[in-house]
Amino acid sequence: MHLKQDRHKILYNEPPSIRGTRVKANRKEIVLAKLRKSFSCTPRKLKNFAMDFFPVLRWLPKYQCKEYIWGDVMSGLVIGIILVPQAIAYSLLAGLKPIYSLYTSFFANIIYFLMGTSRHVSVGIFSLISLMVGQVVDRELLLAGFDLNDDATPALGHGSLQTDSQSNTTVFNLTTEGMNAECGKECYAIGIATALTFVAGVYQVLMGVFRLGFVSMYLSESVLDGFATGASLTILTAQVKYLIGIKIPRSQGHGMLVITWINIFRNISQANICDIITSAICIVVLVTAKELGDRYKHKLKFPLPTELVVIVVATLVSHYGNLNEVYSSSVSGAIPTGFIAPKVPRFDLMIRVAVDALPLAVVSFVFTVSLSEMCAKKYAYTIRANQEMFAVGFCNIIPSFFHSFATSAALAKTLVKTSTGCQTQVSGVISAMVVLLVLLFLAPLFYSLQKCVLACIIIVSLRGALRKFRDVPARYHVNKVDTAVWVVTMSASALISTEIGLLVGIVFSMLCIIVRTQQPRTALLGQIQDTNFYEDDLEYENLSSVPKVKIFRFEAPLYYANRNYFLKSLYRLTDLDPNLEAVRRKKYEKKEKQHLKKGNQPTVNGLGSRDTTLQLVPKQIDFQALVVDCSSIPFLDTTGVNTLKEILKDYKELNISILLACCNPSVIDSLKRGGYFGKDFGSMQEMLFYSIHNAVRFAKDQKLTADCSV
């Protein structure tokens, strides 16, 4: 008996001595030892903590200046040149003044240089994040009584309207929600943005402390792509009014995309011909330059600074052509130089935007980690996802004191960074210096820059996301469910709102997983001729069935939600419901006894009742063993174990053996704990097999033995 059990253990790669006697350890002592180790403070531990929290302390002393400096300087200059026009343009999305976008780009690069673990990611202002910030800012401005029209005089709010002669700005004595200080529209907008950014950063740091990075796993590629495409449609729609120079209110709430387009067509007659011509020229130049850059990118040492050239030329034309005065073309206006004194974000505003900050924090983190992992894989180094969460969190928390808003890694700038020879985050410092130069000296030069030019830059930057529509047929061919997730997420993000679209995408993708596990693929298997392998009868041709043996495959975990589907599929494919068959047999046995009591009178066609029973019942069962292929069952819950015990009992009553094949260790442990093999596991070697072929051979031998005994 012992030899037989040891032989079975060897068959399943479990040496006889592997489950030796476990040494009992005192849990209290173990916990106390771990706590002492965790909370002990030594110079070495402090040094490691500092170097882990500021990775720059590890890699900067090892910086190979001769090898890295040229690539870092070049990529830093290129990204800095790209950052300036993008920062000014994306301020339209955030509903803020351009100076705040420049602050954001400056501080984000410096902080990520100190705390980031990726060598190539470009962290700073990002269109999707700017859009999410702008939607919250617009909503709160509307609730406070401000007019969302950029160029309109603000409407009367919940206080008296005053005019500050020194700054020529409209000021409100706000009394809503505890904000009693005098604050104009611009002041209130940046207050909302910094409060939102601070809370999002706190969420990210807390997620890092509690190691909640797994949250990003629920944002699949289809969800992220759909969210980015839907948000891109929203961004495109929000910029159309600048392209054609009409003044319509910024729509808020659900259905913003549809409402905005309705307002555009209602006011199309008010389009500014100067803005239309300027937009057409800028889009043609930008798209042409981008296409040429993509086609000849292998020949170019660095990408063409098309956005900067367009901005410089457009600013000069607007300034010397007096386009604002002559044609009423909307311009960026005054951009101050230098830094505004830091200010603590208002706590009362944090409460108002606490819920909005959560999706912002998750999206910002997910995009940053995804790009970091992509670069790390491409250039063969590792990142620490938890540290990335800290880095992004502090890229939001610290700049929020300096009038900045939320940041994230940006794909387009990251690709440019890698293509221009970036080696480390020193390039980020160079980019920050370029932005600093603009902040200190060059910002006022952009006064006459038309807003339609900024809108063109934003729209052309959306090419990558909008091109996802071309990939839909290929995506559908690869996986229909992922395509459905993409379409649902994109539609919800565009037609409802970005935050709800993201939530809808996550919920819908999880529902798809649940549905796929509730109704997975099931199949009866046949043997590939002259081999030991078995496959689906419906998927492959020329498979031979095994006499008196049925092989059933279930391609999902067996748990409470799909138990009934498992049983229905098994009964349908084997054409046998053991419960109905048992009831039928009992009925025939009862009839047989009744006929025997009556003297065994002939019943049908001159046959006795016993002959009738034998003729009707046994011929319906064409197999004596059922092999369940468990190779696609990753786990069992209690309901799953009980289901297998149930079919074991039901088929046993019909003299049909149940044999399990290809079970993984998790499934085997669940079966053992659930008592499937009995108390001492004595019959385990007759119920569990390493492969389907072993189970089939055992079933054939069992049948041969039964025939010989008869």
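In case you wondered, yes, glycine gets a Cβ from its N, Cα and C as well.
These figures come from a predicted structure and were not determined experimentally.
TrEMBL lists 68-90 (among others) with the feature transmembrane segment. Outside the transmembrane segment (68-90), and at least 6 residues removed from its termini, the chain residues within Cβ reach (under 8 Å) are 98, 101-102, 104-105, 122, 124-127, 130, 301-303, 305, 307-308, 310-311, 332, 335, 413, 416-418, 420-424, 426-435, 438, 446, 449, 454-455, 457-458, 461.
Counting residues 6+ beyond its ends, the transmembrane segment (110-133) has Cβ neighbours under 8 Å at 53-56, 79, 83, 86-87, 90-91, 93-96, 101, 104, 193, 196-197, 227-228, 231-232, 234-235, 238, 356, 359-360, 363-364, 367-368, 371-372, 375-376, 379, 381-384, 387-388, 390-392, 394-395, 398-399, 405-410, 413-414, 416-418, 422-426, 428-429, 431-432, 458, 461-462, 498-499 in the same chain. The transmembrane segment annotation in TrEMBL covers 110-133 (among others).
What TrEMBL records for 187-206 (among others) is transmembrane segment. Taking Cβ pairs closer than 8 Å, the transmembrane segment (187-206) reaches residues 94-97, 100, 133, 136-137, 140-141, 144, 146, 172, 174, 179, 212, 343, 345-346, 349-350, 352-354, 356-358, 360-361, 364-365, 389-390, 392-401, 403-406 in its own chain, all 6 or more past its ends.
The transmembrane segment annotation in TrEMBL covers 226-244 (among others).
Among the features that TrEMBL reports, transmembrane segment is placed at 349-369 (among others). Residues 121, 123, 126, 128-129, 132-133, 136, 140, 177, 179, 191-192, 195-196, 198-201, 203-204, 207, 213, 215-216, 219, 224, 227, 383, 385, 388-389, 391-393, 396, 406-411, 498-499, 502-503 of the same chain lie 6 or more positions beyond the ends of the transmembrane segment (349-369) yet place their CB under 8 Å from a CB of it.
The annotation transmembrane segment is assigned in TrEMBL to 390-412 (among others). With a threshold of 8 Å between CB atoms, the same-chain residues lying at least 6 positions outside the transmembrane segment (390-412) that come near it are 53, 94, 96, 99-101, 103-104, 107-108, 111-112, 115-118, 121-130, 132-133, 190, 193-198, 200-205, 207-208, 339-340, 342-345, 360-361, 363-365, 367-368, 371-372, 461, 464.
Sequence-remote contacts of a segment are chain residues at least 6 beyond its ends whose Cβ falls under 8 Å from one of its Cβ atoms, and for the transmembrane segment (424-442) they are 56, 59, 63, 68-69, 71-73, 75-77, 79-81, 83-84, 87, 99, 102-103, 105-106, 109-110, 112-113, 116, 118-119, 122-124, 337-339, 417. Annotation source TrEMBL lists transmembrane segment at 424-442 (among others).
For 486-515 (among others), the entry in TrEMBL reads transmembrane segment.
What TrEMBL lists as domain 'STAS' is 539-699.
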- Item | Close approaches to the transmembrane segment (226-244) from elsewhere in its chain (Cβ under 8 angstroms; 6 or more beyond its ends) | 92-93, 127-128, 131-132, 134, 250, 256-257, 260-261, 264, 268, 271-272, 275-276, 279, 330, 363, 451-452, 454-456, 458-459, 462, 465-466, 468-469, 485-495, 498, 501-502, 505
